[in-house]
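Shown next, in structure tokens, is the structure this report addresses.
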Ligand code: 1CP
């Protein structure tokens, strides 16, 4: 299979390509997951990694927000560390914590022990994507991978980190180990995205969530070449590439130049400014995820500002500026989705 033909005319893909649209397309990072009671129900007694490796469960969880909200795209339910698990890295996703790696990567030998990813490692992903594309019909599926820096931060720190100090110490102090690690993760990300697109995903998002911890100089010298390779290979698959990170005002131009068709903007950057910084590319974002806790009229007034700002972009996909907060009331997200869909662009 190749990118789903049924989804080719979708508003989401049109906006990603910079074409005119009838309404602003909308989806939400982390739209599946803990904010949905139906998710909590199907996950009862099943670990996060286990659920990511069960194609029927992945199909069900990915579909839940599509059914509930009528969003313009689905995002494959998985995690950025899943491909590492699939090649044999000893890790777990701990409830309330996130990814935890049993033996953090510190040396060249540690890097060399991580195998390259082949499609045979992730046959369950192929199965889940194929199942999903059938169920989704004209709604496009976004495949995703973690970008080399963000994935490296989990491998080097051993788990979530605020300052990424060990990761940056390796980047600046052991450039040979760093280079090998970034090349390894880039291979895994590229192969993983190809599996998803070959099975029918219509777009890909490269999550460099923690790139905002870097200076532009370090990003340019030590990170961007590796993300660029992943995005270049994804470009050969013929689907739009979205590139997103948090706190990246200083990096947005570079993140576009790394090879993105769409740059995700977090909520701290005014969308108008983000649009200037990414130039001739589409943008995705960027309502503050906490605004769903405000009164509905306050939320929709801010959403209107985001949509209006988006009109000057080459293309605009509405989203939150980062993932859905788990305590979000799904009824508010439904109202937000309906508001974005009914907002007149004419
Ligand atoms: O809508 C969806 O289906 C979301 C699917 C999804 C995605 C796109 C999950 C499920 N994880 C991710 C990507 C991901 N994972 C990112 C990039 C996106 C982002 O910036 O939010 C990152 C940084 C991770 C790492 C991760 N996994 C964290 C963050 C930890 C930290 O460093 O602060 C956490 C908490 C997880 C666990 C996780 N991943 C996904 C879910 C639903 C959960 C919660 C675990 C559970 O429900 O048991």
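In case you wondered, yes, glycine gets a Cβ from its N, Cα and C as well.
Just one of 190, 202, 209 is listed by TrEMBL for the same substrate site as 30, 31, 32, 33, 34, 79, 154, 322, and that one is 209. Through the fold, the domain 'Uroporphyrinogen decarboxylase (URO-D)' (25-34) approaches residues 10-12, 14-15, 40, 61-62, 64-65, 69, 71-75, 77, 142, 244, 264, 317-320, 322-324, 326, 333, 336-337, 340-341 of its own chain, all at least 6 residues removed from its boundaries and within a Cβ separation under 8 Å. The most densely surrounded of the binding-site residues 30, 34, 322, judged by C-beta neighbours within 10 angstroms, is 322. Cα spacing between residue 34 (substrate binding site) and residue 79 (site 'Transition state stabilizer'): 14 Å, rounded to the nearest whole number. The CA atom of residue 79 (site 'Transition state stabilizer') is located 10 Å away from the CA atom of residue 30 (substrate binding site). Summarising the substrate site geometry, the residues cited as binding it (30, 31, 32, 33, 34, 79, 154, 209, 322) extend over a maximum Cα to Cα distance of 23 Å. According to DSSP, residue 32 (substrate binding site) is assigned to coil rather than to any helix or strand.
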